[in-house]
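All remarks here apply to the structure that follows.
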Amino acid sequence: MASQDADALVTSSDPLHPANLIPELCRSFYQLGWVTGTGGGICIRTGDKVFIAPSGVQKERIESTHIFVLPYPQAAPSPHTDRAFLRRPAMNLKESACTPLFWNSFDLRNAGSCIHTHSQHAVMATLLWPGPVFTISHQEMIKGVRVGGTGAALSYLDTLELPIIENTPNEEDLKDSMAEAMLKYPDAAGVLVRRHGVYVWGNDWEKAKTQTECLDYLFEMGVRMKLAGLPTVLNEA
């Protein structure tokens, strides 16, 4: 694709265009402490195109011209390998290291957006739940989370479960363990990464964003309950 045509993919006056939304959302997430120190990432899939933030840049300073565009579908991007692009930024940037993991959300959940944060609440949850799953029940904010991230809304009476996978030195190497966790916990709306953060997806960017917010609230609440010696799952027997 010619450079001028490729740049047209990220040029729009529409504030809801993915190339405009991603910088706006990254600034918002930065203020929440989710993507500081260049960490974290976000992607938005619209039809046959995937818009992805760059890696290793200050997320609060991302501009639309920094956005990568990839075709979808394509073979799931493998860690540390080249992949097909519709557009690369002119400057020397690299696409998000989260890209293979974002593809998990597309291929396994048909998600329209996936968000990765380095939230301290998420990290603390992985430390206080040493097992393979985070659990919490009877919290109003559970109603803001959907079955599998893309299905029906959960109920106040449901017990929310989110799998926890072990971290790896390189982000891309989490791809397979994340996919395994998604298959083992098909009702989960995200995957926690121990001592690292969380991946959350949704049908579109709005649902991915609101579910990330709800889950972050639940991580914080769960951590506070654990530290106060309170059970996070009520026994109704």
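Positions of Cβ are set from backbone N, Cα and C atoms, glycine also.
The shown structure was predicted, so the numbers you read here are calculated from the model rather than taken from an experiment.
Here Swiss-Prot has H116, H118 binding Zn(2+), and the candidate from H17, H196 in that same listed site is H196. Long-range Cβ contacts of H196 (Zn(2+) binding site) within its own chain (separation 6+, distance under 8 Å): H118, V123, T126, N167. H116 (Zn(2+) binding site) and E140 (active site, proton donor/acceptor) are 23 Å apart (CA-CA, integer value). Other than the site residues H116, H118, H196, same-chain residues with C-beta atoms no more than 8 angstroms from the centre of those residues' C-beta atoms, the Zn(2+) site, are G39, G40, T117, S119, A122, V123, V193, G197, V198, Y199.
Long-range Cβ proximity for C98 (substrate binding site), meaning a same-chain Cβ under 8 A and a gap of 6 or more residues, is found for G41, C43, I52, S55, C114, H116, E171, Y199.
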